Amino acid sequence: MHYRRFCLNDFEVGRPLGKGKFGSVYLARVKENRFLVALKVLFKSQLTKSNVEHQLRREIEIQGHLRHPNILRMYTYFWDEKRIYLVLEYAPGGEMYKFLKKKGRFDETTAAVFMFQMADALKYCHEKKVIHRDIKPENLLIGDNGELKIADFGWSVHAPKQKRQTMCGTLDYLPPEMVTGEEHREHVDIWSLGVLCYEFLVGTPPFEHEDSASTYKAIRNVRYTFPAYVSSGARDLINKLLQRRPQERLSLDNVSIPKNNIFFDH
């Protein structure tokens, strides 16, 4: 897709792909070349009311500059009086969350492929000084060839050197340093990768409890258990990612190496 100033009239808008708090996503086609895209339509009034314009600006700035096979492309954006439109890569496989719920849990081979792709994409982000901070199945899509795509950069931050102190992301995926309000760096994404790996293999996140106080406590104490069917190699990888001290977490280099099975080789 080449870059120029678009308007809504340049697209044929098709079926809805999903609905969010601030608007909806539609399958759309660029009229001049029939190129398929996902069109995210956001209402300015809702963004202003919830005071998240800065978050959207950050998402556009960050996602618009990232180029990686496992990160959803943002081609361009435009706006009219009432709405903002993000022109995104279309991921025909749909949402990872729905795929996981349908399957119940993934076998180790499937989980290993997704983990490798996630680690490679996060490594690229961290090299670009981008921390995602909200890794979870709901923010992942599946591409044309079954590959994983990181899709939502609303909470991400471009942090060349500074440490952050804001609480963001989803409770089940928050690392201890964010739960306790300490400063945090890119290691938060490595923790979330461990939580994601567990959820891929088990079907639920490791620190999930009925009330948030219990979840907080479990995260703070890094307390979780494995079902018997999780292999020792997978347990070892997850344990190395879910370290209380951020600097002790396994580096992404050790997860983003294409191997037959990352669960037995790190």
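Cβ coordinates come from backbone N, Cα and C, glycine included.
Caution: TrEMBL annotation is automatic and unverified by curators.
What TrEMBL says about this one:
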DOMAIN    11-264  domain 'Protein kinase'
BINDING   K21, K40, E89, Y90, A91, E138, N139, D152  ATP binding site
ACT_SITE  D134  active site, proton acceptor
CROSSLNK  K136  SUMO2 cross-link
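Structural mapping of features recorded in TrEMBL.
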residue : record                       : DSSP (3 states)
K21     : ATP binding site             : coil
K40     : ATP binding site             : strand
E89     : ATP binding site             : coil
D134    : active site, proton acceptor : coil
N139    : ATP binding site             : helix
D152    : ATP binding site             : coil
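The two recorded residues, the residue listed as 'SUMO2 cross-link' and D152 (ATP binding site), show a Cα separation of 10 Å. Between the recorded positions D134, D152, D134 has the most other Cβ atoms inside 10 Å of its own Cβ, all protein chains included. In this structure, the binding-site residues under consideration are E89, E138, and the one with the smallest number of other Cβ atoms within 10 Å of its Cβ is E138. When the Cα atoms are compared, K21 (ATP binding site) and D134 (active site, proton acceptor) turn out to be 16 Å apart. In this structure, the CA atom of K40 (ATP binding site) is 19 Å away from the CA atom of the residue listed as 'active site, proton acceptor'. Most Cβ neighbours within 10 Å, among the recorded positions K21, K40, K136: K40 holds that distinction in the structure as shown.
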